[in-house]
Amino acid sequence: MKFAYRFSNLLGAVYRQGNLNFSRDGNVVISPVGNRISVFDLKNNTSETLPFSTTKNITCVGLSPDGSLAIVVDEDGAAVLVSLITRAILHHFHFHKPVSSIRFSPDGRKFIVTKENVALMYHAPGKKREFNAFVLDKSYYGPYDETTCIDWTDDSKCFVVGSKDMSTWVFGAERWANLIYYSLGGHKDIVVGCFFEKDSLDLYTVSQDGTLCVWESDTELDGLILKKSQDKPKLPRQGEEEEEEESEERDMVEGEEGEVIRGKVETAKEREKKKNVRYKMMSKHFFNKEGDFNNLTAAAYHKPNRILVTGFASGIFHLHELPEFNLIHSLSISDQRIASVAINSSGDWIGFGCSRMGQLLVWEWQSESYVFKQQGHFNNMASLAYSPDGQYIVTGGDDSKVKQGWETPGLKGRCPAVWNTNTGLCFVTFTEHTSSVTNVTFTSSGFVIVSASLDGTVRAFDLHRYRNFRTFTSPRPAQFSSLAVDASGELVSAGAQDSFEIFLWSMQTGRLLEVLAGHEGPVSCLCFSPVQSVLASCSWDRTVRLWDMLDSWQTKETLPLTSDGLAVTYRPDGQELAVATLNGEISFWNPHTATQNGSVAGRHDLQTGRKETDKITAKQSAKGKSFTSLCYSADGESVLAGGQAKFVCIYNIKEQMLIKKFEISCNLSFDAMEEFLDRRKMTEFGSLALVDEGAGDGDGVSISLPGVRRGDMSSRHFKPEIRVSSLRFSPTGRSWAATTTEGLLVYSLDGSLVFDPYDLDLDVTPASIRKQLRLQEWASAIVLAFRLNEKALKQEVLEKVPHEQISVVCGSLPDIYVEKLLGFIATCLEKSGHLQFYMTWAQNLLMLHGQKLKNRSGAILPTLQALQKSIQRHFDDLSKLCDFNMYNIRYAVALSKQRGLKRAAEEETEDQEEEDEELSEEMSEASLEDVEMML
């Protein structure tokens with residue numbers, strides 16, 4: 001049960017390449033991230049990564065009109081049909097060539113795929129089960145170069161295809177008599193977008209040099225005539241043939257000349273109706289009139305609102321109203337090339353993807369505000385850390401970013417970032433570092449993040465005010481490669497990779513307390529004991545030193561290693577130490593007696609692949625590979641190890657054996673993924689895979705610097721190597737995370753995968769459990785349910801216990817089942833709506849068994865942290881709802897007061913008017929009486 005982990009989410013990357021799509025309701029953005037698909041819910045502010053992956057990076061995604069199906073195509077043309085409802089793969093298909101675009105027809109019956117210079121029309125998969133979901137209907141030839149874009153008419157009768165040969169081709173989806181194909185010119189550069197007008201054959205085409213052509217058709221959609229099928233006539237018999245000829249002659253004679261003339265007139269009308277569709281260029285507009293803008297790279301058109309959105313290589317986008325070409329809005333949202341543009345169904349939100357920086361933005365153009373803005377690490381992630389309650393993850397990368405959430409687009413600073421594990425989104429980014437961030441960690445309070453960098457500083461960030469409140473430096477400039485904070489949060493230590501020293505600072509004062517010298521090589525890793533003031537330092541000098549923080553910072557013990565030390569970590573209870581060395585071994589030590597308890601040889605478990613530039617085989621190169629990151633599980637029974645390979649291994653410490661291997665990626669777009677190179681690509685001059693055949697992004701191509709291996713951004717063609725740079729287990733014990741070349745991968749515990757009973761007996765059956773429920777033996781039913789250990793049955797038993805009986809049942813439970821019940825309540829509370837019910841269970845368990853649980857606090861700490869995380873999540877949700885309701889109530893009260901005052905004022909005016917009328921009537925009567933008296 002404890003090793004039934006499965007991939008749950010991909011953080012740290014929101015967009016790589018390909019086209020963006022909005023859902024049918026316009027509230028969800030579907031973004032390709034490497035070889036996976038991420039779904040961002042803009043209303044609920046959450047993200048999810050679909051549980052499937054392709055063999056290479058995704059280049060285009062086609063969404064069905066009802067939003068239930070998606071066709072995902074990778075760089076090689078391998079396609080996957082996916083249900084967005086069940087998140088399951090329905091069909092695999094291969095187009096055998098790279099696909100440039102894919103588009104469903106508005107009626108959902110067909111879809112067009114463009115590859116090279118051909119447009120292929122397929123029957124769309126239906127709701128019925130089919131042996132072959134992709135059935136080719138027609139192939140359309142016309143362009144001489146690669147196709148770039150597609151658009152359909154609203155009634156699915158015709159479609160248009162743009163090409164790199166600067167031409168646009170209109171094709172009929174059916175066999176129309178007056179429209180087979182039509183070619184349009186007028187451009188001097190690659191056609192980026194082509195769009196039909198709403199319910200019309202009129203066209204707009206946009207090219208890369210910033211030119212818009214408006215085309216008008218002389219035929220409406222209703223004017224398209226279906227070509228009659230030319231069926232072969234049946235051969236009649238001899239007798240029937242003679243009768244038909246006689247009847248035809250008789251008719252011609254009876255009708256005389258009138259029938260013949262009428263036939264000629266009908267033929268002329270038919271010819272007039274069958275006149276071919278023709279286009280005329282009405283106008284031509286230019287975006288870069290002043291020459292301020294670079295190449296136009298992406299375009300999208302919203303037909304109901306007639307709004308054209310264009311993105312440029314300089315990061316600027318324009319909004320124009322067509323066909324008048326009136327500029328509505330213009331804004332620079334990034335300093336990088338805009339690779340994809342999409343508009344939602346209502347036309348209010350516009351999605352932008354920038355592949356260079358990994359940015360995904362959603363802009364509301366009417367209010368001129370961001371709805372969504374996220375940016376991942378645009379270079380390798382180097383480290384991560386969980387917060388003590390498991391709700392947040394902080395990451396640091398080679399792009400010098402420390403991230404924790406919402407990030408400013410176009411940010412070029414050096415910064416850590418923090419991600420919310422519930423929503424999967426980044427909500428704060430710190431920009432103070434000026435070089436690569438090598439390590440990050442949380443303090444025990446969970447409100448302070450500490451990061452070390454190669455810029456020679458260690459910085460502390462406050463999560464309440466989102467500011468850098470401490471900066472620690474060394475007397476001489478040093479590049480810090482390791483970091484650790486003690487359990488109290490008072491001591492901060494960092495190891496230097498050039499001076500071989502360890503620096504110790506006070507968090508309260510920011511002063512340098514001590515410089516620990518003794519290592520004869522670079523300090524690769526630091527770790528504080530969770531229960532004592534002891535610092536463990538691992539170095540390339542083949543030693544692990546234990547420093548006593550209470551005894552004048554002296555070396556307490558020195559542990560000799562068989563090879564260079566790369567990583568060190570303490571067990572959660574502080575009673576064991578795990579060390580990874582350069583020879584691929586993991587050794588386990590007792591920190592009190594300085595004796596080795598055991599070791600694991602894990603070099604062969606890494607299973608490294610062969611890079612395209614390697615001159616030796618993968619088996620030989622594996623001898624130089626090792627684990628670079630270690631992490632204990634929350635219960636301390638196993639250790640998680642990862643390194644320069646695509647596998648993460650879990651070892652059982654007691655048995656000293658491999659339990660499970662997780663393949664973090666199957667993306668062949670990365671280097672060192674396959675054990676053997678493709679011999680078909682090998683020539684006498686070298687590998688063909690090293691030849692760059694790409695044409696670049698169109699905004700300038702730079703030659704990569706010689707010797708650069710870690711992602712030179714000026715490189716036109718870069719194939720990163722797959723690796724795991726950091727691993728961490730969640731304090732709740734229900735998930736673990738890894739920073740890899742692909743991003744931040746989160747694996748969560750899946751209890752539905754394994755049947756794991758506890759103390760199972762023949763009498764423990766669902767029938768016997770339900771019998772105890774009918775007899776109202778609540779405690780006995782709970783014990784039996786936890787012995788069988790089926791989640792649905794345990795939940796059923798718990799929710800049938802009357803509310804007033806909860807305290808009695810909690811008091812009568814055996815001690816061993818109290819911990820199990822508390823862990824199950826923490827799991828249920830995370831997603832259940834019965835908040836008060838499960839909170840009552842948790843409160844009674846903690847009140848009645850608090851002392852016994854306190855004595856075993858180390859063992860049940862992950863359970864308590866999971867319970868705290870669930871309660872905190874509900875607290876945040878409810879507090880937002882309550883605040884929103886309070887604002888609404890205040891608004892309603894203020895509105896009612898305003899209306900009351902208005903009503904009172906109206907009543908006063910009415911009373912005044914009545915008084916004035918009465919007074920005027922009295923005066924008029926008095927004046928009449930005066931006149932009568934005078935008369």
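Placement of Cβ uses the backbone N, Cα and C atoms for every residue, glycine included.
Keep in mind the model is a prediction, meaning the values are calculated, not measured.
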- [ ] Give the range, chosen from 376-410, 691-725, 901-935, that TrEMBL lists as region 'Disordered'.
- [x] 901-935
TODO: Determine which residues of the chain contact the repeat 'WD' (516-549) at the Cβ level, with the cut-off under 8 Å and only residues 6 or more beyond its ends counted.
DONE: 481-487, 491, 493-498, 500-504, 555-570, 572-574, 577, 579, 581, 589, 591, 594
Open item on the list: Within the domain 'Small-subunit processome Utp12' (789-892), count helix residues (DSSP H, G, I), strand residues (E, B) and coil residues, in that order.
Closed with: 93 helix, 0 strand, 11 coil
TODO: For the repeat 'WD' (184-216), could you work out the same-chain residues 6 or more beyond its ends whose Cβ comes under 8 Å from its Cβ atoms?
DONE: 148-155, 158, 160-164, 166-170, 277, 279-288, 293, 295-301, 303-304, 306, 308, 310, 312, 320, 322-323, 325, 698
